[in-house]
Amino acid sequence: MSKDHVTAIRNRLFISFGVAWVSYALTYFLRKPLGIIKTDLEHDLNFSKFQLGLFDTALLLPYALIQTFFGSVGDKYGSRRTFGYGLIGSGIAMITFGWWSDYRLFLLLLFFNGAFQSLCWAAAGKGLGAWVTDAQRNSVFGLFGTCPFAGGIIGTALAVYIQGKDGWRLVHFQPSIFCIVAGFAVLFSFREPSELNMIVPGKDTASKGTDLRTKMTPMELCRLPMVKEIAAGVFCLKVVRYAIYLWLPLYLKQELNYSKSDAGLFSTMFDIGGVAGSATIGFVLKRFFNNEGCVGAGAETLLSAGTLLLFLAFAQSGVTMNSILMLLTGALNCGADIILCKLFEKSQTINISLCFQAVPFLSKSAKWMVVMPAVQ
């Protein structure tokens, strides 16, 4: 393998990583604002909390169902087109969100947003993974896993800024433009080695696993060892995460009398904790749990429940205490999530792509269940 070829492979990896990281982070620019503007929607348009909860369902239900039952679309059309057109479609769906006041139209736009975003994560991972050698996989995808949290932090800050400066009706406009531009960037630059007639050295093929995946139904995948148990754990973690994403700002404003901007910015504490939890999970497993993933995930899940209960118990104690407890909750919740997903990589009998096809069948549906608190 010539030095020029190795350099070209490395450069393509850097380009693909940068494009994928930024582009997927931008999807959170169109998810997080919904939680920020719920106070405005309730006040200006007189929507009930149940109606606000159905917005979450409209966004996340198609996300879960399409990812689960139509994941083969990404294999058919390729990661570049799936990712790129998903970003463009999501941006187009939300660019006019603030122009309307009709409840049913809001539901429809959120539905299309969730549908277009549903295959972006898998497509981004597949396209990036095509350039990553087996030796690089853990480090590259560990860094790539920070983009949802970074997108959540920056997206929340941008939404709060636009909300305060221009009002809630423009909160989705700029992020939609960013997503559309990112979609075109993906279409032009997020190419796989096969599209460029290049071969990545030190990379094993997984064609057999891919062929097997396409022949198995979601229910058959759920019968694979450990899939149901791990999916159930991820299910619970996702319920907590998306409830915080979509309802914490409203809770802070109405129950703790935070201002709209303070409530929105405070919700980033969970994401900041998530970055810390994801970045340190390897050290935590090695130092405290002897690299036992199941034990570590169970312990972190229990601790995250404890810190969340403490947050509720000491909610009136002030911003400092609330910040510490929400940071810990984010670190423990997201750390446990990373552990559970990585458990599949240690299996020598199950291809990882099979497992990530099955886990959404049980866990992604947790995202649209965040409507439940609003029913009460």
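Every residue number used here counts from 1 along the chain in the order it is shown.
Backbone N, Cα and C atoms are what each Cβ position is placed from, and that goes for glycine too.
According to TrEMBL:
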DOMAIN    13-376  domain 'Major facilitator superfamily (MFS) profile'
TRANSMEM  12-30  transmembrane segment
TRANSMEM  50-70  transmembrane segment
TRANSMEM  82-100  transmembrane segment
TRANSMEM  106-128  transmembrane segment
TRANSMEM  140-164  transmembrane segment
TRANSMEM  170-190  transmembrane segment
TRANSMEM  230-252  transmembrane segment
TRANSMEM  264-285  transmembrane segment
TRANSMEM  297-318  transmembrane segment
TRANSMEM  324-344  transmembrane segment
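With respect to Cβ pairs under 8 Å, the transmembrane segment (12-30) is most closely packed against 170-190, considering the stretches 170-190, 230-252, 297-318. Sequence-distant contacts of the transmembrane segment (264-285), counting only residues of its own chain at least 6 positions beyond either end whose CB sits under 8 Å from a CB of the stretch, comprise 32, 35-36, 142, 145-146, 148-150, 152-153, 156-157, 159-160, 163, 241, 244-245, 248-249, 252, 258, 291-293, 296, 300, 319, 322-323, 326-335, 338-339.
Ranked by number of Cβ pairs under 8 Å to the transmembrane segment (106-128), the listed stretches 82-100, 170-190, 230-252, 297-318 are led by 82-100. Outside the transmembrane segment (324-344) by six or more residues, the chain places 145, 149, 226, 230, 233-234, 237-238, 240-241, 244, 266, 269-278, 280-281, 284-285, 293-294, 296-297, 300-301, 303-304, 307-308, 310-311, 314, 350, 352, 355-356, 359 with a CB less than 8 A from a CB of the stretch.
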